Amino acid sequence: MLAPGMGEWVYKANLFLFGEFGYYYPFSLLILNYLYYKKKYKIENFKRRELFGFSLAFFSTLLLFSVFYREFGYILEIVYGFFSIILGRTGSGIFALLLLLFSLVLLFPKFAKEILKIELDFTYLLKVEQAFKSLLMRVFGGENEKEDVGKSEPIAPKLNILQDSIYGNLQINKKGETNNLEQIIKDSNINASKNSITTAKENFEKLKNQILDETIEIDKQSLKESRSFVHEHSQQVRNFAQKASKMSISLDEDFNFISEEEVDMIPERFLKPKKLEDIKQIDTNKNLDEPSYKRKNIEIPVSNQEVKPKIFTKELELRENLIKKEKLEQEYKAYQNEILENKVKQEIKKLEEYDAINSSDIIEGNKYSFNSPKTIKAETEESDKINENKNLDKADNIFEFAPIVEELNHPYIEPTPIKNINEIVIEEKNTLDFIQNTETKIDNEKTNDQEIKLQKAVLAKEIAINQALLREIEQGEVEKPKDFTLPPLDFLANPKEHKQEINESEIDKKIYNLLEKLRRFKIGGDVISTYVGPVVTTFEFRPSADVKVSRILNLQDDLTMALMAKSIRIQAPIPGKDVVGIEVPNDEIQTIYLREILQSEVFKNAKSPLTIALGKDIVGNAFVTDLKKLPHLLIAGTTGSGKSVGINSMLLSLLYRNSPKTLRLMMIDPKMLEFSIYNDIPHLLTPVITDPKKAVNALSNMVAEMERRYRLMADAKTKNIENYNEKMKELGGEELPFIVVIIDELADLMMTAGKDVEFYIGRLAQMARASGIHLIVATQRPSVDVVTGLIKANLPSRISYKVGQKIDSKVILDAMGAESLLGRGDCLFTPPGTSSIVRLHAPFASEFEIEKIVDFLKDQQSVEYDESFLKDQQSVGVTTNESFDGEVDELYEEAKRVILEDGKTSISYLQRRLKIGYNRSANIIEQLTQNGILSEPDAKGQREIL
């Protein structure tokens, strides 16, 4: 009951005193409470202008409320009554507003300066305040207290500013006192006579000097007060004074000159010890381990004991332990040597006694032979001398025959070849000399040997990766044709005998630039090996354990700039290794000739007739592959990338191993320029096809040929064309040749007859391998609409020359890198069944060389084309219907039902639905047209259902 009643009483008292102002001023208390919290609940932390500003703001607000609500509060009535008498109501309001503005300027001086363009001179306000105080002191009496002006900024004051303010205040006081003194003297001398003027002046000078002396004492006293004020209110200045006082103390054993105040001020840990033993202990234990501001700058008498530095304590302890361990090992080896020597001497003595008893030179069944006791003694003396001259560190090499001597204590074993001690001692000398010589040689050539071994190991490892692919090729001799002469290698140009000179300084410079650029991006590691090839130089960089491989891949452009290269390729990581391969083009690129590849042992020893030459790897070794194991090849590359050169090399390598009876070629060249040089060679199955419609017919007929071969092999009960041909040799039947279909530009065919071409290529790629039909498909634009998912899935082996974009490389290789190739035959090859990518450089064969080979083949045998592959299937269907004389196909009714139900009239659709050949499907469509079910084909080749 007390609390509610008291609250109501306070509420009424508040309304009685302040009226309407009582509803608003409590909110200002919230602001004051927050500011009081920020000042750490100390009124001393408030600046004087802030206190004046708060007070004036409160008073001006109270005055404004008294002007408007003078009848609602007792205090408001009193304030309004006082100011209305002096200023009136309007004047009181204006005065309150000006006072409120002045309080805001005091509280926010920077805001007032920037916005209101009002700036107060606080020194002038101090003078006004001092004058007002002196006036009050004169009126009401009392001493004129000199306030410490520095109190306006009590938090961490600066000593110089504080002193300046003190001296300024003192100068003001001096001037005020001298003015007062002059006024008193003038008042006292009004009634004086002219004779007393001189005495008054003397008295004035004495009083002035006395006042000056008092002011000097006041200056010193005020300075001490200011210092005490600084130490009391500033933690930073106190810490600085403590550290500075420590530095001012000099070495004195008694330390009697330090005042008690300074001793109390300095912490105990900063005081110097008074005993010499304590000083030594600090020097040995703490002086080197502690920070510099804790060290004692004193001179310590040098002791005889060596003071070990504590900075590398762990390293020194580890080193001492290693030295002790090494000494123990040496002592142990010396002790073991002494034991072995004693055992040998004892065994020799036993042998001497045994020899003296038996008096025979050679003991049967023993392992040693002795000439006489004299020779034994001489030999033992020689062995003792040798043992004395030997170093104890080489204990492992001393007395290698000692274990053999120990076997004398064992029972008799099978006889072994007899050895003389002379031979043993001589062998021991020779081994020691040999070991010493080899050790010196190894020490002198250690680094060179390591580099050579490392280089050979890395080179062998790189060759092993490529040879793992080459070993998959079947080795053997190729069966030479009997009635056909293969072209000689003389038609091909010889490679230049100029050997590539390895510029080691240039390679070292590239390694330095590479590592320096990587370190700039905080990537640590080292180049562990370097391969110099005909086109590129490969650096194997082993990154640190904390480096992500993706960071190195993202720096490809930066590394290209650092190495000043045209383009580089980063293989991260190299399969089977813990390194990243960085391939940089050489300054001088060598030309690789086709003759080099065809003369290589790898190509000669390959048994397969479909071995094709792909070029050289990054080391410079020849690289070939078997088309039967690919079994189809997809090639991509922009104009000028060397794609046509690579295809020509593959074709020539096939022509150098096969006669027209074992190999037939079908070339589709929509550009009409690439394969025109091969026209009329005996290996061609058809003329070079340049018309897209004929190309579709040729592919459809090739599918029919594939089906025909499968039926033949099924009748012969064989699984592939090799077994079928062997069986035909035994039976005297006709052998089937290999057929290689080469399409130079797939994109043009996909634009004219995309679905049909995709279907036929898919059929051939899926099933034609066993029948001896292989595809080599090339395109300049490996986009998704050209290299569709069906084609890409059925052509696992791919070669990519330089492409224009990263996405093209991703489409053809499923990996980046082809966009960074150099062109001119530089390519990436993906073997089937592996995820590794092999970088190759295609060989070059000029048009003049190709012409000589083509002419040589033409002169031996004329070409025999199979025109049935190029016939239009629709015309074939008409002729077959006429020849049938009204005979209807067995699937006629079913085909009619499919077309009427599905509404599709294309030959390829009917072929897929009925799973028949293209020719039969075309015949059925023609029969439906003749019977009036389908219309004739329009300009686009489409038919309508009638």
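Glycine is treated like the rest: Cβ placed from N, Cα and C.
Counting residues 6+ beyond its ends, the transmembrane segment (15-35) has Cβ neighbours under 8 Å at 46, 54, 58, 61-62, 65-66, 69, 71-76 in the same chain. The annotation transmembrane segment is assigned in Swiss-Prot to 15-35 (among others).
What Swiss-Prot records for 67-87 (among others) is transmembrane segment, and it gives sequence analysis as the kind of evidence. Through the fold, the transmembrane segment (67-87) approaches residues 15-22, 93-96 of its own chain, all at least 6 residues removed from its boundaries and within a Cβ separation under 8 Å.
Feature annotation from Swiss-Prot assigns transmembrane segment to 92-112 (among others); the stated evidence is sequence analysis.
According to Swiss-Prot, the feature topological domain 'Cytoplasmic' maps to 113-946, an assignment based on sequence analysis.
The domain 'FtsK' annotation in Swiss-Prot covers 620-810 and rests on sequence analysis.
Positions annotated as ATP binding site by Swiss-Prot, on the basis of sequence analysis: G640, S641, G642, K643, S644, V645. Applying an 8 A CB threshold to same-chain residues 6+ apart, the list for S644 (ATP binding site) reads E674, D744.
Within 8 Å of the centroid defined by the CB atoms of G640, S641, G642, K643, S644, V645, the record's ATP site, lie the Cβ atoms of G637, T639, G646, Y801, G823, R824, G825, A842, excluding the listed residues themselves.
The binding-site residues G640, G642 differ in how many other CB atoms lie within 10 Å of their CB, and the one with the most is G642. It is V645, among the binding-site residues S641, K643, V645, whose Cβ has the fewest other Cβ atoms within 10 Å in the structure shown.
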